[in-house]
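Before any comments, here is the structure.
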Amino acid sequence: MTPPCLNCSIFPGALSPNASRSPLVCNISEFKWPYQPEDLNLTDEALRLKYLGPQQMKQFVPICVTYLLIFVVGTLGNGLTCTVILRNKTMRTPTNFYLFSLAVSDMLVLLVGLPLELYEMQQNYPFQLGASACYFRILLLETVCLASVLNVTALSVERYVAVVRPLQAKSVMTRAHVRRMVGAIWVLATLFSLPNTSLHGLSQLTVPCRGPVPDSAICSLVGPMDFYKLVVLTTALLFFCLPMVTISVLYLLIGLRLRRERMLLQVEVKGRKTAATQETSHRRIQLQDRGRRQVTKMLFALVVVFGICWAPFHADRIMWSLVYGHSTEGLHLAYQCVHIASGIFFYLGSAANPVLYSLMSTRFRETFLQALGLGTQCCHRRQPYHGSHNHIRLTTGSTLCDVGHRNSRDEPLAVNEDPGCQQETDPS
């Protein structure tokens, strides 16, 4: 039997940082992939460069500028969303509770995740914040990422119920129910983030027959790769593929429902006798068509943005788990491109959510301006119209808005001047 490495523990402290180490006292069989016997002749700096890469990412400057722009836009957008909902009681509707939870998760992604990633790009190693910070970082980022996806999915379900099943929405979509749902979202997100968190920790470059390389600690995967593959594949299935299919189907059903209501309204108008009644109805159809087109475009944008922003994130993790240990120069270059794109789109999603869900709403924007003293009351309401409106059309129109008003039991449904400003039923 070949003798083991002789007193390897003396090597790290016995030599200067730039000195080489002799392989004469070491058993060559001790070396396993990716380490090689010639590593004993390399300096610590050369070892770090070989196995950990440059200390600063080559594309750091352009990525830093891009991230800072996303950071400014995202923090302002999510901050405005939280401010409007917290400072205005009329905005504390069931729908807006989901928007508030989504804004909080996106804010945490931008305020915690983005600066830490920039820090690691600027200094890939060593990770100087300690093991506790490593665990906390993974747990927090994984939790807020999963919570963001669950919030988007829950909001899609809420909109489907409000539009397609309006009678059920009055009894189900209450403030108490939504609070329980939001709490369940964060609990589930935390629980599902634990497996990935448990697989990470501080990892230090350790060369056989030589020991740990100084200043090489990184916050990375330390658990079994097979288990990590299972975790990332399961996460991609449950928190990307399934939500993507869900919101796509729900928004398709919403669009079909709006189209069906338009056809029913046209049939109703044709059956009316007087020219004045038909003219009034045609104007109402035009207003509702404009509102429906706006809603349809927004729903399509939501699905596209969700797919574009989250697909690279999961592709990045799956690709890394598959190419680890089998990386060629071409695969490494491809992975670097995917990794950069995934980071940009990941944080871009957190910045785009408040624009898509909140700031695109006329009433939401004007309510914020009103809170700052820069705007007037939005959505001036006419007197309730007591004509022969279709019940489904009235209820659907009343649930497409993303802001609220006084309890709907105290105020009859009204026809609004602005089709993008329909009221929202707010049973509590």
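Cβ atoms here come from the backbone N, Cα and C positions, even for glycine.
Features as listed in Swiss-Prot:
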- C134-C219: disulfide bond (DISULFID)
- N27: N-linked glycosylation site (CARBOHYD)
- N41: N-linked glycosylation site (CARBOHYD)
- 1-59: topological domain 'Extracellular' (TOPO_DOM)
- 81-96: topological domain 'Cytoplasmic' (TOPO_DOM)
- 118-137: topological domain 'Extracellular' (TOPO_DOM)
- 159-181: topological domain 'Cytoplasmic' (TOPO_DOM)
- 203-235: topological domain 'Extracellular' (TOPO_DOM)
- 257-294: topological domain 'Cytoplasmic' (TOPO_DOM)
- 316-339: topological domain 'Extracellular' (TOPO_DOM)
- 361-428: topological domain 'Cytoplasmic' (TOPO_DOM)
- 60-80: transmembrane segment (TRANSMEM)
- 97-117: transmembrane segment (TRANSMEM)
- 138-158: transmembrane segment (TRANSMEM)
- 182-202: transmembrane segment (TRANSMEM)
- 236-256: transmembrane segment (TRANSMEM)
- 295-315: transmembrane segment (TRANSMEM)
- 340-360: transmembrane segment (TRANSMEM)
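Feature map: Swiss-Prot annotations on the structure.
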residue: N41; record: N-linked glycosylation site; DSSP (3 states): helix
residue: C134; record: disulfide bond; DSSP (3 states): helix
residue: C219; record: disulfide bond; DSSP (3 states): strand
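Recorded stretches compared: 60-80, 97-117, 236-256, 340-360; the one with the most Cβ pairs under 8 Å to the transmembrane segment (295-315) is 340-360.
Counting only the Cα atoms, the space from C219 (disulfide bond) to N41 (N-linked glycosylation site) is about 27 angstrom. Same-chain residues lying 6 or more positions outside the topological domain 'Extracellular' (118-137) and placing a CB less than 8 Å from one of its CB atoms are 48, 52-57, 60, 63-64, 67, 112, 197, 200-202, 215-219. Each residue contributes its Cα atom, and for N41 (N-linked glycosylation site) and C134 (disulfide bond) those atoms are 32 Å apart. Taking the Cβ of C134 (disulfide bond) as reference, residues of its chain lying under 8 Å away and at least six apart in sequence are, in sequence order, F127, H200, G201, L202, C219.
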